[in-house]
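Undergrad: Pulled the feature table from Swiss-Prot, pasting it below:
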{"type": "SIGNAL", "residues": "1-24", "note": "signal peptide"}
{"type": "DISULFID", "residues": "Cys31-Cys81", "note": "disulfide bond"}
{"type": "DOMAIN", "residues": "31-81", "note": "domain 'BPTI/Kunitz inhibitor'"}
{"type": "DISULFID", "residues": "Cys40-Cys64", "note": "disulfide bond"}
{"type": "DISULFID", "residues": "Cys56-Cys77", "note": "disulfide bond"}
Amino acid sequence: MSSGGLLLLLGLLTLWEVLTPVSSKDRPKFCHLPPKPGPCRAAIPRFYYNPHSKQCEKFIYGGCHGNANSFKTPDECNYTCLGVSLPK
């Protein structure tokens, strides 16, 4: 294969890696945790990854004793657990 062909193949593989969403085996384990509002009484909107619907969903966080499946924005949740960003 010519060097141009190898360069093209390398470029395509790199593009594939960047554009391929996170597979379930590569997804951080905490993305499979259920939402945990915690016992405190604040009402902070947060987002968690729901492995059943395969999307990030809103929940209300109490402000303490939550878990790692709690994100401030849907974009942060989508990037971390799905490997994609929503269009702006």
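Backbone N, Cα and C define each Cβ position, glycine as well.
Quick one: where do these features end up spatially?
TA: Sequence-distant contacts (6 or more apart, same chain, Cβ under 8 Å) of Cys31 (disulfide bond) comprise Tyr49, Pro51, Asn69, Thr80, Cys81. DSSP assigns Cys31 (disulfide bond) to a helical segment in the three-state reduction.
Around Cys40 (disulfide bond), a 10 Å sphere centred on its CB holds 13 further CB atoms from the protein chains shown. Classification of Cys40 (disulfide bond) by DSSP places it in coil, neither helical nor stranded.
Within the same chain, residues at least six positions away from Cys56 (disulfide bond) with a Cβ under 8 Å of its Cβ are Phe47, Tyr48, Tyr49, Asn50, Phe71, Pro74, Cys77, Asn78, Cys81, Leu82.
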